[in-house]
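> Handing you a structure now.
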Amino acid sequence: MTGGGFATSANGVEFEAKITPIVIISCIMAATGGLMFGYDVGVSGGVTSMPDFLEKFFPVVYRKVVAGADKDSNYCKYDNQGLQLFTSSLYLAGLTATFFASYTTRTLGRRLTMLIAGVFFIIGVALNAGAQDLAMLIAGRILLGCGVGFANQAVPLFLSEIAPTRIRGGLNILFQLNVTIGILFANLVNYGTAKIKGGWGWRLSLGLAGIPALLLTVGALLVTETPNSLVERGRLDEGKAVLRRIRGTDNVEPEFADLLEASRLAKEVKHPFRNLLQRRNRPQLVIAVALQIFQQCTGINAIMFYAPVLFSTLGFGSDASLYSAVVTGAVNVLSTLVSIYSVDKVGRRVLLLEAGVQMFFSQVVIAIILGVKVTDTSTNLSKGFAILVVVMICTYVAAFAWSWGPLGWLIPSETFPLETRSAGQSVTVCVNLLFTFIIAQAFLSMLCHFKFGIFIFFSAWVLIMSVFVMFLLPETKNIPIEEMTERVWKKHWFWARFMDDHNDHEFVNGEKSNGKSNGFDPSTRL
């Protein structure tokens, strides 16, 4: 059933904007890119705690963990650069692929870029599931990383451009919801396959990633391209036809004219990456980069990558480690649903600030428990304290899932102006994957050297990012994208200085630009 409504443009003209089934279905299908990403995040920690997997690819770690060799420290038994590379190589490949994905997103469209991501995922899954040596295993992870780079570039843009303004935040968070569902699915699979003997358990875990890979590929074939992308590539008749379909009305002429004007302004920018560095675009760039760095420095991916390994380090048995990872994965999914409901009601800042307090408290409590109860050679954490650690980790994961998880992607996608949005999204994904790689590659070594202090380290970052949000992050709830300059940046106590009138008339490629697109942007109307 469609929902009716109107969206108001910057010049006061109202455009009819219905929430049509095709929009909802397209957003759901596109968001399956997050399902694949989430499965890759969740599966690595589970298989790296499986004895058969360690024995085949990482015999040194296997001897320390399973055979009982090297009793030096519980915190250090998984400290192995090769093991960390298995996890982190995906994100380094994704970082590289993002540069190519920016080009394909702009020239081939969002839909075809998602299809390319699906193909990379399928080939990578096949190599991982059939891996005979470490080189083949890493090659598969690299191809999966290429898929991540293409999917993370195209999907958030697709969702922002096709979603109606009043539910833009909720629909955009479908991507993050699918990430959390993918993590939970991977944890459940790992819990089941860990009981399979003969070396097939880890192969099944890695091979079942083919399910979300196929969903993304089929979804990319079924969804409609955004009108923004079609007009941008000169396919005007198709763009108008799609606009009618996703609107559920023939009354699209005024809106289509606005879309043409927005596309014209965007095409005048010949060097979008260079334009990102111009003074009027610095606030959006700083916010986007900072959010990606802070998102990773919460420590969430370290926990999601290595949850079973982490629980094993803390003295949990093998089954208990995998089961605890399933519990945290379920909390992750449910809490993301909270974000979908609340992000367009209470706003972005409230969610981020509340979560900062909750994450800081949880990590400090975990650090205290581990500092007192877990030594280098202790074999088991008592049941009461083990439950408390799991509860605190779940409290921490819940806070992240309704704040920094989805909003780290949503806010950059809605704050960049149209003429620099593709480049801005590319920078956003690059920074995110770079710091994801750093954390994934360093976490087990940091755990070995910092011990319980690793949680103090991440809690300090949570404090810093909360202060940043309090003073420097403006609220963007229910504000059309093309009005961000006037209603957000020019009214902010700090960022307004970058929006001075004399900067509004800088020349961009021979044309005057006021740093604000008055044309139509699909993400604010559909």
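Any Cβ shown, glycine's included, is placed from N, Cα and C.
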> If you check the topology given in Swiss-Prot, are E414 and T485 found on the same side of the membrane?
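Yes, Swiss-Prot places E414 and T485 on the same side of the membrane.
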> Within the topological domain 'Extracellular' (133-141), what mean pLDDT does the predicted structure show?
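Across the topological domain 'Extracellular' (133-141), the average pLDDT comes out at 94.
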> Taking pairs 6 or more apart in sequence, does the count of Cβ pairs under 8 Å between the transmembrane segment (452-472) and the transmembrane segment (350-370) hit 3 or more?
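Since 3 or more Cβ pairs under 8 Å link them, the transmembrane segment (452-472) and the transmembrane segment (350-370) do come into contact.
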> Assess whether the transmembrane segment (204-224) lies in contact with the transmembrane segment (169-189), where contact requires at least three Cβ pairs under 8 Å among residues 6 or more apart in sequence.
yes
> Counting Cβ pairs closer than 8 Å, which of 19-39, 112-132, 320-340, 350-370, 384-404 has the most of them with the transmembrane segment (169-189)?
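Result: 19-39.
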> Going by DSSP assignments with H, G and I as helix and E and B as strand, what are the residue counts for the topological domain 'Cytoplasmic' (103-111)?
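Residue counts for the topological domain 'Cytoplasmic' (103-111) by secondary structure: 7 helix, 0 strand, 2 coil.
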